[in-house]
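Trainee: In case it's useful when we look at the structure, here is the feature table from TrEMBL:
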TRANSMEM  B:21-40  transmembrane segment
TRANSMEM  B:52-70  transmembrane segment
TRANSMEM  B:77-95  transmembrane segment
TRANSMEM  B:101-119  transmembrane segment
TRANSMEM  B:126-149  transmembrane segment
TRANSMEM  B:174-194  transmembrane segment
TRANSMEM  B:215-241  transmembrane segment
TRANSMEM  B:261-286  transmembrane segment
TRANSMEM  B:298-320  transmembrane segment
Amino acid sequence: MSVPLLSARNLHKAYGALQVTDDLSLEIIEGELQAIIGPNGAGKTTLIAQLSGQLRPDSGQIAYEGRDITRLKMHERVRLGMARSFQITSILPGFTMLENVAMAVQARSGSSFRFFGSAARERALNEAAMAALAEVGLEDRAHRIAGPMSHGEHRQLEIAIALATKPRLLLLDEPLAGTGGEEAEHLVALFRRLKSRLTLVLIEHDMQAVFALADRISVLVYGRIIASGSPDEIRRDPAVRAAYLGEEVA
Amino acid sequence: MRVKNADPAAIVPPRVAVRTWVAIALFTAFALVPVLAGWLDDPFLLVTATRIVVFALAAMALDLILGYGAMVSFGHAAYLGIGAYAVAILSSYGITDLGLHLLAALVVSAIFAAITGGISLRTRGVYFIMITLAFGQMAYFFFVSLSGFGGDDGLTLRQRSTVFGQPLLENDLALFYIALGFLVALFGFSAALVRSRFGRVLTGTRENRIRMQAIGFSPFPYQLTAFVISGCMTSVAGVLLANQSEFVSPAFMNWHRSGELIVMVVLGGIGNLTGAIGGAIIALLLEDWLAVLTQHWRLFFGLFLVLVVLYAPGGMTGLIRRIMGRAP
Amino acid sequence: MTSLFLLQLLNGVQFGVLLFLIAAGLTLVFGIMDFVNLAHGVLYMVGAYLMAAFTMITGSFAAGLLLALAATLVFGLALEFLVFRRLYERSHLDQVLATFGLVMIVNEGVKILWGTAPLTVPMPTLLSGSIPLAGPLQYPVYRVAIIAAGLVTALGLWLVINHTRIGMLLRAGASHRSTVSALGVNVSRLFTLVFAVGAMLAGFAGAIISPILSVDTGMGESVLILAFVVIVIGGIGSIRGAFLGALLVGVVDTLGRSFGPILLRTIMDPAAASQTGRTLAPMVVYILMAAILFARPAGLFGRNTS
């Protein structure tokens, strides 16, 4: 079997007495979309934070293409090709939509220790940023200040920012949270397109979207993965139904 | 791709223009001060204007990190002092050249900023404020202890810096225009800096540090570089200040002085360079005016500060924006 | 040499205890309210001035102390009510600016009321004189009393913080600010309380030091910055950190000033040692702070900020 793109082994993370990640192991195969579901407080966001490098696990290893990256910081992992979105919108509110994305393009194209020349006029940055905005359908709002835009637009913008870093692996932390009908459909369609060229990890509460998109689903409860398998297997798994799914997807 | 804007690469942010025009107007007004002083036959006006120009330069340097980088440095007076003592100490050894004074000021400031900044920037928020304040105080005590250079009392300069061997700066008018030249040149430098790639990383970090890390930036080297640049620029103001007052003392780097620099930046409105210049003008003129009215002018200046914070957030820039009906 | 060391060590502890009284309230204000208060040193100064005024009026040390404490408390509460409570939600920059303005106002106000000449407070007869320490060595009773008062206060604070409901809220608030309001506590009353206690402790420090220090307008500022150093070393929001940090700073600063030149003389000639010692001594605490921060950016007992 080939090396998984990302793997976590025996991760532990505790906040005081509370074990939020409890001996968790996980493999993300290149090209698949793996969804991680679980009730609130299961430790999903903490897991993403550890995978992306925002938090350091108390023990355990994380490897990317077989290379140990446990001690790499978030910005170092981004350079390896990992990108993420945040559960709570994280953008540069005072920048325009285009500038938000151009910033991400700038991060991977050449040195940023350039003290002269207007970054706003760098054609290469703006064109790549525009392309990422077009990908998520925001190109017509590129020059609006990002802060006051709607929640749905912020979610789209976050995806565009992540895409602009040209990732191989994209970690999405509840990208659909707070978005309504049409916006959600739009994002689901986008993820379906991205699936063909990126490896995706999706944390999501919207079960309809999860079962429509995922190649594999892992169920996280109290910091442990209690089941992992294809959507059909998960749907049939009695332990999962008891712990979490209930009648929701019956 | 459905790009509606024909040429996205040609976009220039429109937010810069107004401030730049205001700055140009201020510089022009400064340049005309000697003429006004001649008409009014008031040589003291030129002295005041020189002081304002020097502090405007220091305040602008502080705004570079405070406004654009959200680094509230409470120890920036240390760099004024380093610049001033570079003049005094070198002059006492017979080295009077302005270029060498500037060089020494820049080198020492860069080293001091790199060390103290490197430690302070490991922290943020309240910690950063307190630590920069403590390092500023450390510099203050260092110069107090230099008994060979006047210790607590400071020391009077025998002469101002020379330019290519010429005592050019002994002429107040020449000193004023040289100071103004530095202000304009460093304004141009700063304005370019904040629009550059580097400046964008700095502002991006101010806006959202985690986001910047999540797209692959490590904020520390950028913030530290900005901190060093800002310290060096402030030390240039220190070199000019020593020449203007023909006297240096540790009081130049007292924490009150650092506080006053922050006051100037905030009064004018942070994060737009021009505001810092305006703030220096307001703060120093207000100080001078109050000092004429009463010996207890600090009481009223303090009151003014409290009232500005409580009732006019955003300083002059904020006030102008509110008057013009735009959100602050 | 040993006896001199012992003497200076005690002086250092006494200075540390004083710094603790100032830093204790300040660290809670920083930790719980995330509020930068530059005007805290002013309360120390006001405490000393009020002590001078009330001992002169009443002619009694004890009565003067009680009145000074009460008056400092009222003064602190007035500041909180008039200015500080409008600043809790504001940016650090606004807090810096407004409290800096307050420092200017109060410093100047004190000058207007009491003039610029330093005041002195008579030593209470009960606490004057010296006690034998070791062999021929004597130590002033009053300084011992300061150390005792500081230690009793520290013990009292420790009991309140670790064994009462308010203390539990304070600890929770200092480490996880948002949880306190989630517990359904009247946060603004808690803030006022913390502030009042902090003000009184600073005023207390100013009042008890006044018999051995001249009372002047600059006195609040040097201790304010050293209190910052204490808080940074100890970790924001930690009373235990403030206590250890204060003793550390007090002892290191005092010993550095008296023994720095002596130690340097072993490695360089006397003239150079004396100059270098004078230069380095005031910087020692800042270098200590830098070293501790380098190893532990959040201070000895602070929560990690990164």
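Glycine is treated like the rest: Cβ placed from N, Cα and C.
What's the neighbourhood like for these features in this structure?
Mentor: Outside the transmembrane segment (B:77-95), and at least 6 residues removed from its termini, the chain residues within Cβ reach (under 8 Å) are 58, 61, 101-102, 104-105, 108-109, 112-113, 135-136, 139-140, 143, 149, 155, 157-159, 161, 231-232, 234-243, 248, 250, 252-255, 257-258, 260-261.
Through the fold, the transmembrane segment (B:126-149) approaches residues 71-78, 81-82, 85, 88-89, 92, 112, 116, 119-120, 155, 250, 253-255, 258 of its own chain, all at least 6 residues removed from its boundaries and within a Cβ separation under 8 Å.
Counting same-chain residues at least six beyond the ends of the transmembrane segment (B:174-194), those with a Cβ under 8 angstroms from any Cβ of the stretch are 16, 20, 23, 27, 30-31, 33-34, 46, 49-50, 53-54, 56-57, 60-61, 64, 68, 160, 168, 202-203, 229, 233, 236, 240, 243-244, 273, 277.
For the transmembrane segment (B:215-241), the residues of the chain that approach it from at least six positions outside its boundaries are 50-51, 53-55, 57-58, 60-62, 64-65, 68-69, 71, 73, 76, 79-87, 98, 101-102, 105-106, 108-110, 112-114, 117-118, 120-121, 161, 175, 178-179, 182, 186, 190, 193, 198, 201-202, 204-205, 209, 252, 261, judged by C-beta separation under 8 angstroms.
Among residues of the same chain six or more beyond the transmembrane segment (B:261-286), those with a C-beta under 8 A of the stretch's C-beta atoms are 19-20, 22-23, 26, 48, 51-52, 55-56, 58-60, 62-64, 66-68, 72, 74, 76-77, 80, 183, 187, 190-191, 194, 234, 301, 304-305, 308, 314-318, 320.
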Trainee: Using Cβ atoms and a strict cutoff of less than 8 Å, what residues sit near the transmembrane segment (B:298-320) while being 6 or more residues removed from its termini?
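Mentor: For the transmembrane segment (B:298-320), the far contacts come to 263, 266-270, 272, 275, 278-279, 282, 286-287, 290, 328.
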